[in-house]
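The structure appears right after this line, and notes come after that.
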Amino acid sequence: MTVFTGLDVHKKSYHATVMDKDGAILRQEDFPNTLEEVKSFFADVKDGEVALEASYFWEPVYDELEEMGFKVKLAHPRKTRIIADEKIKTDVRASEALAHLLRIGWLPEAYVPSKDIRKLRELLRRRVSLVESRTKYKNKVRAELTKRRIRLDGTPWYGPWMDQLETLEIDAIGDYIAIVQSLDDRIDKIEKEIKEKTDESKEVKIIMSITGFSYFSAMTIHASIGEIDRFPGPKQLCSYFGVIPSTEKSGSKVRHGSITKEGDRYVRRVLIQCAWSHVNNCNSYITRLFKRLERKKRSSIAIVAAARKITEAIYWMLKRGEEFRPSG
């Protein structure tokens with residue numbers, strides 16, 4: 001007998017609901033969030049499908065259940081809640097709602113990248129996090145120099161500039177330099193690992209044709225997108241990156257608010273950083289849009305609009321296999 005299991009995943013525990021094809025609940029149980037407990041619970045569920053929401057903790061249990069032979073589906077959290085609110089009574093447990101939607105074929109599925117892509121994404125996210133930490137401590141060094149009205153000659157963080165910095169014998173600066181150098185080593189190690197695991201694909205080269213995108217930023221965007229054909233259009237890609245404004249409808253009025261911030265926050269930060277580099281170094285139609293908006297609105301709003309335009313450009317460039325054209 002095929003059964004349908006909804007699995008509500010939390011940091012410390014799971015809640016599972018097992019249903020038959022008619023919607024009768026066969027089993028409902030809470031158990032600790034360990035892979036051993038997952039194996040123990042599902043050892044008695046011989047055949048069937050499992051649904052769980054895409055959350056921070058989904059990957060280990062998803063992979064474990066696949067290895068056990070289950071057909072596992074990853075539910076899109078926001079879409080699942082919308083459908084559940086409309087079609088299922090609101091007082092049921094989340095695992096029960098997932099099992100119902102799975103059983104009747106209404107489960108909105110999220111994209112599941114391969115294990116290799118997930119590993120690459122994790123490395124790229126870690127690199128972004130370490131680079132941001134390094135920037136933080138570099139800024140602390142600059143603040144210490146400014147506070148003491150010290151000016152050094154040369155390009156910051158290179159050659160003579162670094163030699164002068166290291167001779168200052170200021171404890172705070174010494175501590176920050178040590179942290180920066182340690183982060184440099186960690187970042188170099190991760191970048192080497194990323195290059196060993198990947199080739200510079202055609203897609204990465206296309207994204208790198210946009211001024212402001214390095215190899216690693218282009219790789220971050222490419223790894224997040226996966227297959228461009230899974231997005232019906234540029235609007236969906238912008239939504240995936242969370243760079244579209246939220247909307248609220250009241251009667252005939254539509255109000256646009258701040259960006260939705262859906263998707264991977266690390267990828268969105270990379271996209272915004274690349275947009276800043278682009279508008280400062282390339283006289284493109286995107287830069288001209290940014291400058292027009294900057295005169296009317298805050299630069300923080302204008303740069304998000306620029307990032308959105310870049311995302312739209314990336315969509316069409318990947319679909320058509322074309323490099324960036326600054327003229328549009």
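Glycine is treated like the rest: Cβ placed from N, Cα and C.
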- Would you mind telling me which of 124-151, 180-207 TrEMBL tags as coiled coil? 180-207
- Message: Let me spell it out: take the coiled coil (180-207), skip the flanking residues so only those 6+ beyond its ends count, and list any with a Cβ under 8 Å from a Cβ in it.
- Response: 116, 119-120, 123-124, 126-127, 130-131, 133-134, 137-138, 141, 213, 215-216, 218-219, 221-222, 225, 228, 314, 317-318, 321-324
- the domain 'Transposase IS110-like N-terminal' (6-146): DSSP-derived helix, strand, coil residue counts: 72 helix, 31 strand, 38 coil
